[in-house]
Ligand SMILES: *Cc1c(COP(=O)(O)O)cnc(C)c1O
């Protein structure tokens, strides 16, 4: 009997080693990694820059707490500001915690302005995490059932529906923020209309709401720009990120700008581990590597190529409902539930994910070679054609 809580059911695959875009199991079988630890290992496995930064920092100083000045934290914050256009950073240990910081900013922003019961607009099909506030913000009953009472102060509208946001604001006088994913990840790789974020930006400006983007999955180069909002030429008031930021070191960040950047003051928020020297040394290595190797441009090229290749290879397959994506976030929606494709992929030597019941989700590394990209397409096309 396992002594682990049964949160993930029985897991049948044991991975023991990784290098580049490939991982190996305990029997020595290798797999092309098209999930990257759920959009985490954009730089792949055992990247030399990460290994060097982490081993040097581990041999020097792991942790001191936020009672002290941490130069690595300052350096990583400066880099994040440089790549984002935001102004201030709070470091956390996970995505959910980054969103908790964002939700606290929204509430205090509202309370400071005298709004009674300040509320945040959130979207159907969204995913924001598993803590009580973030599961309450999440638009998926499966995440919420059994954990009632939910945290109050969220008003839900359909995703990619600007009119619904406008009517929610007319109806509720206590709205202080909009929290939204630029592309919904867990929700099935949903890409909204090209000007959706621009329209939300205009609404937020008009009503003095905070536009808060959950870029936990879309950030750190995943969609072909450092943050996905950069495709829209705008700035949010708050943006959260995690996953790819540490390439496997658990860490997250909440970035803010303008009035949102001044909301949290000493005593309002904190964390023991967040932004510790080890985690930040990983974050620094990730951003420096992304910038110096021009990898984010490669993400766009690779993503466009994969999408085009899938559309060509799967054209006319009646079981394929839609093929969509942005950068290296790609979804292939099937006409029926397809969870068995995960195991079939393992048999073929590829790790994929199925989300929202019927959507194959691909989140490969940014360092895929052209040959690995072709291997990915041919294996996934085989899985789909045999479905
Ligand atoms: C993964 C994810 C989260 C939660 O991040 P954790 O690190 O698992 O807490 C929140 N929002 C989005 C969009 C995510 O993809």
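In case you wondered, yes, glycine gets a Cβ from its N, Cα and C as well.
The 10 Å shell around the Cβ of residue 127 (pyridoxal 5'-phosphate binding site) contains 24 further Cβ atoms across the protein chains shown. The pyridoxal 5'-phosphate binding site feature in TrEMBL is assigned to 95, 96, 127, 214, 215, 216, 217, 272.
Long-range neighbours of residue 130 (N(2)-acetyl-L-ornithine binding site) (same chain, six or more residues apart, CB within less than 8 Å of its CB): 96, 143. Taken from TrEMBL, the feature N(2)-acetyl-L-ornithine binding site applies to 130, 271.
Taken from TrEMBL, the feature N6-(pyridoxal phosphate)lysine covers 243. In three-state terms derived from DSSP, residue 243 (N6-(pyridoxal phosphate)lysine) belongs to a helical segment. In sequence order, 38, 39, 40, 95, 216, 217, 219, 220, 222 constitute the residues six or more apart from residue 243 (N6-(pyridoxal phosphate)lysine) in its chain with CB-CB distances below 8 Å.
A separation of roughly 21 Å, to the nearest angstrom, links the Cα atoms of residue 215 (pyridoxal 5'-phosphate binding site) and residue 271 (N(2)-acetyl-L-ornithine binding site). Among the binding-site residues 214, 215, 271, 272, the residues whose Cβ lies under 6 Å from any atom of ligand 1 are, in sequence order, 214. Residue 214 (pyridoxal 5'-phosphate binding site) carries a strand DSSP state (E or B). Between the candidate binding-site residues, 217, 271, 272, the densest Cβ environment within 10 Å is the one around 217. For the binding-site residues shown (95, 96, 214, 215, 216), fewest C-beta neighbours within 10 angstroms: 96.
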